[in-house]
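According to Swiss-Prot:
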ACT_SITE  265  active site, proton donor
BINDING   79, 238, 242  Zn(2+) binding site
């Protein structure tokens with residue numbers, strides 16, 4: 001049986017909030033089987049919890065933001081959520097003493113290290129997957145995203161920015177998902193932004209924690225980071241990272257083929273909602289026989305970083 005997974009022990013880290021620029025303490029705790037991924041703001045009294053849920057995603061302008069019925073929000077969850085998806089962690093309590101998850105270095109890599117440091121433990125309950133049964137597509141102008149059936153989790157993402165530093169040869173990335181592939185090919189890809197946009201955001205009191213230490217920054221002609229890129233196609237890889245985090249808001253790893261063109265947090269969430277709203281388009285599956293598990297979802301015994 002492919003089993004659910006949680007952490008062996010609690011672990012804590014501090015970082016900076018992307019929008020506030022303030023120090024944030026993040027604590028990850030093990031959770032019982034069938035708990036799911038639960039975000040919790042401990043800076044509020046009483047603390048407010050946000051189960052990872054596609055319908056709780058409201059504000060997707062700059063990041064993925066969960067909002068509850070009272071309008072309380074927690075922001076910038078997508079990179080941590082992607083790390084949880086990458087390592088197949090089903091049950092975890094995520095506590096943060098601020099309105100946002102710390103940005104760390106702008107990628108999912110610090111969260112991968114954190115999760116592996118805590119250790120991963122199998123639980124005595126079957127892991128549920130969402131299997132795509134029929135095509136679902138959403139569009140917004142020339143942007144689109146779709147799921148089709150596939151025995152695994154395949155991602156094909158294309159970006160389209162007219163910029164001298166973003167050539168046509170670095171605008172598409174395709175990956176067959178596995179924990180190893182995610183860690184090595186996707187997790188280190190950092191978020192990116194354009195200098196003119198960042199300056200405007202900071203004038204509005206946003207992105208105050210944004211810097212060359214936690215983002216790739218481009219002016220009108222070039223990349224400003226002295227160390228350059230971690231991959232020549234780091235930008236599209238990061239958009240794939242975002243998508244993996246956004247789609248894990250379902251609370252379950254997905255078995256299907258995901259394709260996207262110029263998609264972002266909003267369209268990723270729109271696709272996920274469209275899938276879940278159509279009972280004919282998906283089903284829950286579990287695997288008693290490990291041999292029957294789709295490629296990439298075999299429980300990894302170890303992950304090489």
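Each Cβ is built from the backbone N, Cα and C atoms, and glycine gets one as well.
Mapped onto this structure are the features recorded in Swiss-Prot.
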| residue | record | Cβ within 10 Å |
| --- | --- | --- |
| 79 | Zn(2+) binding site | 30 |
| 238 | Zn(2+) binding site | 28 |
| 242 | Zn(2+) binding site | 25 |
| 265 | active site, proton donor | 22 |
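Checked against the residue listed as 'active site, proton donor', the binding-site residues 79, 238, 242 differ in C-alpha distance, with 242 being the nearest.
Each of 78, 82, 106, 107, 108, 189, 190, 191, 239, 240, 241, 245 belongs to the same chain as 79, 238, 242, is absent from that list, and has a C-beta within 8 angstroms of the C-beta centroid marking the Zn(2+) site.
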